[in-house]
Amino acid sequence: MRIILLGAPGAGKGTQAQFISTAFNIPQISTGDMLRAAIQAQTPLGLEAKKVMDDGKLVSDEIILKLVKERINEPDCQQGCLFDGFPRTLAQAEALRQENITINHVIEIDVDNEEIIQRMSGRRVHLASGRTYHVIFNPPKKEGVDDITGEPLIQREDDTEETVRKRLEIYHNQTAPLIDYYREWEEKDLLQAPKFSSIKGSGSVEEIREKIFTELNA
């Protein structure tokens with residue numbers, strides 16, 4: 001089974017991706033990992049991508065798609081794979097379709113912007129140990145300090161409200177149109193299109209996991 005998992009940053013894709021990957025015994029494929037591996041192995045595509053990146057440019061969809069085709073033909077992908085962060089744009093989704101790369105299921109984890117902002121901007125971290133807290137959902141015993149060492153907790157720059165809002169804006173402009181694309185494709189062509197499911201991402205990790213697996217096993 002080949003699965004695409006969509007959702008805004010902070011929607012909980014990473015956690016659910018691990019569950020899916022383990023349950024179906026399929027690898028989680030990220031374009032970033034593929035690029036790094038190809039560059040490290042100095043494959044022809046890796047060298048081509050490195051040259052583009054060294055020039056300070058973005059790697060083209062054409063190169064990304066070639067990497068994807070190479071990766072899904074490797075032995076560990078015979079049972080399928082889970083795409084993580086791909087496709088990112090309508091152009092990439094359309095290219096996948098034109099290449100006749102079969103996708104069985106597209107799952108969107110849908111969480112309201114304000115809930116994502118609350119989730120992410122409430123995170124606090126103890127840098128030395130990596131212990132993570134949340135001001136609402138998992139607060140430290142004493143506000144602003146680590147339970148064990150008593151040292152101060154920090155808010156990572158990535159988790160500030162301003163940064164989260166910017167990341168959400170990029171997602172809604174660039175990646176969210178994929179949701180309409182896959183939904184409309186399924187409506188027009190039930191036989192060829194991947195099954196599309198939108199899952200509400202509010203609730204416990206287990207509740208969301210159950211909803212996703214109900215759709216995948218339907």
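Cβ atoms here come from the backbone N, Cα and C positions, even for glycine.
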Of the residue ranges 30-59, 90-119, the one that Swiss-Prot records as region 'NMP': 30-59
Residue from Arg2, Arg123 that Swiss-Prot also lists as binding ATP with Gly10, Ala11, Gly12, Lys13, Gly14, Thr15, Thr132, Tyr133, Gly203: Arg123
From Gly10, Gly12, Gly14, Arg123, Tyr133, the binding-site residues whose CA lies within 10 Å of that of Arg156 (AMP binding site): Arg123
Reported mean pLDDT - the region 'NMP' (30-59): 89
Neighbour tally for Phe86 (AMP binding site), based on other Cβ positions within 10 Å of its Cβ: 20
Binding-site residues: Gly12, Gly14 - member with fewest neighbouring CB atoms within 10 Å: Gly14
Extent of the AMP binding site in Å [max Cα distance among Thr31, Arg36, Lys57, Leu58, Val59, Gly85, Phe86, Pro87, Arg88, Gln92, Arg156, Arg167]: 31
